[in-house]
Amino acid sequence: MSDRVIIFDTTLRDGEQALAASLTVKEKLQIAQALERLGVDIMEVGFPVSSPGDFQSVQTIARHIKNSRVCALARALPQDIDAAGEALRVAEAFRIHTFISTSSIHVESKLKKSFEDVLEMGVSAIKHALRYTDDVEFSCEDAGRTPIDNLCRMVEAAIKAGARTINIPDTVGYTVPTEFSGIIQTLFNRVPNIDKAIISVHCHDDLGLSVANSIGAVQMGARQIECTINGIGERAGNCSLEEVAMILKTRADLLGVHTNIRHSEIHRTSALVSQLCNMPVQPNKAIVGANAFSHSSGIHQDGVLKAKNTYEIITPESIGLPQNNLNMTSRSGRHVIKHRMESMGYAESSYDLDHLYGKFLTLADKKGQVFDYDLEALAFFSQIHEEPEHFKLEYLGVQSGSSVLATASVKLKVGQDLVCEAATGNGPVDAVYQCINRITGYEIRIDKYALKAKGEGKNALGQVDIVAEYKGRKFHGMGLATDIIESSAQALIHVINSIWRADQVAEQMERNVTKTDKINTESV
């Protein structure tokens with residue numbers, strides 16, 4: 001049996017299902033490229049049949065990712081598998097992941113079928129997927145609550161049909177470690193062709209046991225773990241990639257296995273996913289929480305000062321957490337910025353140095369001192385605003401006070417034109433938003449508004465995240481500035497630019513459909 005555990009990341013499929021607002025294609029590609037740098041073996045990036053947008057995202061990622069295998073999900077239905085196969089065709093190598101429920105409650109209550117019907121559907125789905133690729137994964141949904149005899153039959157039939165990987169999900173996070181490990185052990189003991197496939201596990205965290213269940217399964221012979229960055233996912237989330245990766249590394253003495261994960265990329269990848277998905281990481285979260293390497297007890301502090309390994313079993317450096325927080329000023333040159341970015345794990349090709357340096361100088365003039373966390377925030381926001389902006393903030397002014405009606409004046413660049421507007425509102429942010437809505441013509445409803453400091457002290461950058469609804473769709477917007485009113489304006493403009501681009505894509509697709517229909521009519 002191999003001593004390598006395959007890491008199957010499903011942040012962009014199972015993880016994204018938990019988000020209030022869907023990620024854009026560009027944001028999904030950013031995360032996919034980060035996962036590739038991290039060294040995941042397989043990345044499941046969407047469910048192509050679910051929507052044209054998901055199909056496009058899967059296709060775009062499949063076209064760009066070269067060093068990780070791209071995978072798409074499909075129910076055990078021909079149309080799902082065809083959509084996945086078509087979306088993935090552009091990849092150098094890809095996997096189709098098809099699934100069907102196997103527990104009695106799912107088979108009888110959800111599918112309204114017999115287990116024999118489900119068995120036949122699973123086998124047919126695998127054979128259909130093999131038309132597109134020889135790398136087919138099959139999942140027995142709700143395996144944790146499936147009668148063991150039925151589970152053994154399904155696994156044996158799936159392997160015989162040609163599935164290379166068999167996934168055993170604890171779909172509702174119901175099992176405990178000894179129970180789940182026992183299921184894996186029973187499969188190895190009772191399924192005669194088990195050696196012809198890799199056994200995978202996909203554990204949810206409803207009872208807080210997803211990581212423990214996954215590690216226990218590895219001890220019983222499973223060699224693929226399905227997980228997400230920061231453990232994001234439906235309900236209580238999924239098995240956390242960073243936790244299993246560091247467990248397998250730190251306790252290699254006990255577990256005797258390894259992964260291909262580049263552990264120094266963990267912090268950076270976690271931060272990116274948290275930012276783009278608008279899902280803050282809890283401070284006390286293992287590995288990537290803000291307090292993961294903090295010591296407040298006097299006894300602990302004394303021990304760490306004498307020898308770090310008294311209370312630290314892993315180091316901040318091992319996950320890529322920057323330790324040398326050098327302060328920079330407007331007198332710092334480009335070479336300093338480049339050096340600090342390199343020290344934080346950013347290759348020069350991943351950012352525009354001239355653009356970043358310009359943003360740095362502007363911030364340094366406002367703050368005086370700029371720190372690594374400021375620089376990282378600037379780099380991140382430069383990346384998300386790389387696309388041409390149809391609406392751009394040119395000027396913002398507000399007047400407000402305890403006994404003054406808040407008034408705002410805003411000037412936006414709309415295409416090539418400058419448009420001004422003034423408005424009053426229930427506070428300065430509301431007044432600014434009234435101006436922006438009038439200029440752009442979009443009626444936006446703000447569902448969520450969150451403000452957080454990026455950095456330390458009164459001069460910290462203010463980041464604003466909003467979730468907005470427009471015509472039944474949710475959009476996520478972000479803004480960053482030393483002035484929280486300005487960052488609030490940027491966040492709404494970010495949303496409106498996303499809506500505008502989505503409208504442009506929809507119009508183009510409609511024109512293409514009309515053109516195709518016209519050609520078909522003429523040919524008839």
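Cβ coordinates come from backbone N, Cα and C, glycine included.
Keep in mind that what you see is a predicted model, and the values were worked out from it rather than measured.
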According to Swiss-Prot, HIS202, HIS204, ASN238 bind Mn(2+); so which of ASP9, ASP14, ASP417, ASP430 is the extra one listed there? ASP14
Chain-internal residues, separated by at least six, CB under 8 A from HIS202 (Mn(2+) binding site): THR10, SER139, ASN167, ILE168, PRO169, ASP170, THR171, GLU226, ASN238, CYS239
Please name the residue among the binding-site residues ASP14, HIS204, ASN238 whose C-beta has the most neighbouring C-beta atoms within 10 angstroms. ASN238
Shell of the Mn(2+) site beyond ASP14, HIS202, HIS204, ASN238, same chain only (C-beta within 8 angstroms of their C-beta centre): THR10, PRO169, THR171, CYS203, ASP205, SER210, GLU226, CYS227, THR228, GLY233, GLU234, GLY237, CYS239
Taking DSSP H, G, I as helix and E, B as strand, the region 'Regulatory domain' (392-524) contains 53 helix, 59 strand, 21 coil
What does DSSP assign ASN238 (Mn(2+) binding site), in three states? strand
